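Features of the protein shown, as given by TrEMBL:
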| type | residues | note |
| --- | --- | --- |
| TRANSMEM | 34-58 | transmembrane segment |
| TRANSMEM | 113-133 | transmembrane segment |
| TRANSMEM | 154-182 | transmembrane segment |
| TRANSMEM | 202-219 | transmembrane segment |
| TRANSMEM | 258-280 | transmembrane segment |
| TRANSMEM | 286-313 | transmembrane segment |
Amino acid sequence: MRNMEIDYTQIMSKEKREFLDILKEALTIPHKHINFIIFSLLTSFPYFGLSVFFEIVLQQTLLKTFKFFTPVPSDSFYYDWESSVALHDDWHRSGGNLSGEWIKLCLLYLAPYHLLGLLNIVMTVNAASMIYAGEKPISLRDILVQKTRLKGPFITSIYVLLLSTCILLGLVGVVTNCYILSKGFVIDYYYYSSNNNFVDSLITIFHITIFIALLMKYSEWSAGWNMALVISVLEETYGIEAFELATYFSRGSTRRGLLLMLVFVAWEIVFRLPCLFGRWSERLGAIVFTSVFTGLICVGNLMKWVVCVVYFFDCKKRILEKKVDEEVGSDGKVVNV
């Protein structure tokens, strides 16, 4: 285990917490510790700036994508042979440009955005754990000079990135497929959306059901993934071992983890949708609008990791107490996991 100044005896003395109790306990960390707020502002500003830039690029790419998948009106689609050929050439040219835009966006997400986000997570988890587990007040200097490890969290984050990307691609695929069918872009399915409202409604309900199911699974699994990242930051465990330890600690607490993650998934969706679908005539207004909502998303992301720290310690406490009861009865001796 990691040799860092965390008093696990103090953690063991804290009572077991339910879903709302964990949220309340997490909120007390920034509420009662101004040093944590100052530290979070200092460390989150670079990530916030890159997030605004990423959101703007994402908005532009999505706008081009929706325009690309919007079908040409039927009265002009077969106007004549020459116009059909011209439309066909423009469509393929736009598709090539759109592929390049998405490749650039993915590279931006995988390299600077992911790495800067990981660094922000490591510093937030370290600071929150010091405050939550400490018996004495923690100064800003104590938070700033804390020891951090990056190798373990980086390796674990690669696993998390791969797993989460699979689910997110599934969500994007469901939305894209539903949009294409609803717009009648695919000629073979065009009669479904234009001439058969009943079938169109069934298709929409089917896609919504799949989307909700994937979103629920993403929320449930992300609770375990996030705990694995917290373990990689606080313990000398990373990679597959961190996932195994997270699974062990979260036994009997998956419902709490699901509810906690659903709160922050809903938070991000609520504040991200206006960014993705907002239409602004002025460039400055779009930047200000995006910056405000991106800031709210960053606040939610910060609190998510504070909640994950409290959730991890609470799950670990429950497992330690259960192991003590099984191995030493009522002696009250803490056995190391």
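Cβ from N, Cα, C; glycine included.
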| task | May I ask for the residues of the chain that lie six or more residues beyond the transmembrane segment (154-182) and have a Cβ under 8 Å from a Cβ within it? | result | 66, 69, 110, 114, 118, 121, 189, 192-193, 200, 203-204, 207-208, 210-211, 214-215, 217-218, 221-222, 225-226, 228-229, 231-232, 238-240, 242-243
| Between the stretches 34-58, 202-219, 286-313, which wins on the count of C-beta pairs under 8 angstroms to the transmembrane segment (113-133)? | 34-58
